[in-house]
Amino acid sequence: MHGKLLPLAGLYLVQGLPYGLQSSLLPILLRARGLSLTRVGLTKGLYAPWLLKLAWAPLVDRRGTPRVWLTLSTVSLGLVCGLLAVLPPPQAGQTGLPTTVMGLLLLLNLGAAVQDVALDTLAVQLLEPKELGPGNTVQVVAYKLGSALAGGGLLVLFPTLSWPLLFWLLAATYWLAAALAWAAPALGQLAQPQASEHTPHTSYLLQDLLAVPGTLWTAGFVLTYKLGEQGAGSLFPLLLLDHGASASDLGLWSGLGAVTCSIAGSSLGGALLARHWHPLKLLKLVLQLRLGGLACQTALLFHLNSPGASLDPGTVMRGAALLSLCLQQFLGGVVTTATFTVMMHCSQLAPRALQATHYSFLATLELLGKLLPGTLAGVLADGLGPRLCFAAFLVLSGLPVLDLRLAPSNLT
């Protein structure tokens with residue numbers, strides 16, 4: 001099993017780099033330059049290629065091998081980072097990212113999205129049912145570790161790390177990962193698609209996907225289970241910045257510290273699943289705890305707006321804010337690992353020729369459920385105010401708790 005999990009871990013780690021770069025590093029830097037919450041939130045539109053994975057998933061599923069797709073996509077990620085390294089960095093006083101930089105970041109997400117489809121092909125077809133728990137733990141933990149390294153870690157180092165050196169380091173990392181993708185024996189175990197396996201006509205593809213047992217419920221769940229958590233998680237650090245927290249502190253809090261807790265939660269979730277906890281029963285427990293944690297975070301935000309509240313070092317509010325960030329990330333890590341296990345189990349119920357496309361369909365909906373609140377959180381906060389915005393996130397976090405009661409029998 002280690003021969004399967006180690007290549008997965010390395011490739012999912014580098015796949016998390018673009019997400020950390022754009023979810024943790026860029027928002028803090030842009031907000032520190034004076035951009036509105038709306039403009040900061042709308043930069044998440046660069047994740048658009050991830051929502052189009054279903055368009056090329058059948059091609060990756062049936063043409064070539066995972067080794068070829070992984071190698072080519074990872075090499076291209078290194079090339080894009082090399083181009084970013086030779087471009088001048090954004091200057092102080094600019095109202096946003098330069099168009100060329102935004103275009104290259106869009107290409108970076110495109111390469112990572114193609115890489116993700118190829119990795120999903122490998123994971124769904126290579127992992128045995130008893131390996132789903134450990135496999136999804138490796139997937140989630142490695143991805144989050146890559147996100148933390150490119151997000152909070154680089155934010156802490158950014159004052160001393162030049163723009164060219166930052167992206168040359170990322171380029172070198174991708175090229176090393178491409179060598180791993182080409183050389184790993186596990187990636188050559190999957191057979192090439194047979195000539196008799198044809199991609200369903202476009203008009204029938206969605207029908208075939210939805211016909212897989214449990215798909216409708218799983219699709220609805222993954223689309224909604226992160227709405228409240230993601231919206232609050234993307235907005236809360238920016239509001240702390242507005243209340244006097246420094247960008248470097250937030251790099252530690254919402255970057256390395258919080259993601260470390262998220263990785264710990266994902267690892268705990270994997271350990272519990274390996275001990276034969278059913279993922280849906282685990283989700284029922286942890287989603288209720290997450291709802292309570294978000295209620296406490298909302299109350300903390302309300303108190304920050306009262307006279308005399310401060311995030312100065314040594315204050316109770318500062319410690320409570322740190323604890324709130326870490327707790328929500330920890331619980332979110334458990335939830336993510338259990339949810340991805342449910343997704344992969346549902347995809348394994350599909351015909352083999354459709355499995356990777358089916359998983360990409362679910363993963364696209366899961367990403368959409370995370371991107372929408374993250375992108376619109378700033379718009380809602382600017383329009384409604386942080387208090388009403390967080391009250392809405394609290395209501396949204398209660399939806400998946402209710403949804404679990406409707407889970408189909410073939411997934412329970």
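Yeah, the Cβs are placed from backbone N, Cα and C, and that goes for glycine too.
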Looking at the candidate ranges 140-159, 280-299, report the one that TrEMBL labels transmembrane segment.
140-159
Looking at 202-225, 250-273, I want to know which stretch TrEMBL calls transmembrane segment.
250-273
Using a Cβ-Cβ cut-off of under 8 Å, list the residues of the same chain that are 6+ residues beyond the ends of the transmembrane segment (356-372) and lie near it.
44, 47, 50-54, 57-58, 60-61, 116-117, 120-121, 123-125, 205, 209, 212, 215, 218-219, 222-227, 230, 339, 343-344, 346-347, 350
Determine which residues of the chain contact the signal peptide (1-16) at the Cβ level, with the cut-off under 8 Å and only residues 6 or more beyond its ends counted.
70, 74, 77, 112, 115-116, 119, 122-123, 126-127, 131, 134-135, 138-139, 141-150, 173-174, 177, 180-181, 184-187
Honestly, do the transmembrane segment (99-119) and the transmembrane segment (165-188) touch, with at least three Cβ pairs under 8 Å and pairs 6 or more apart in sequence?
no
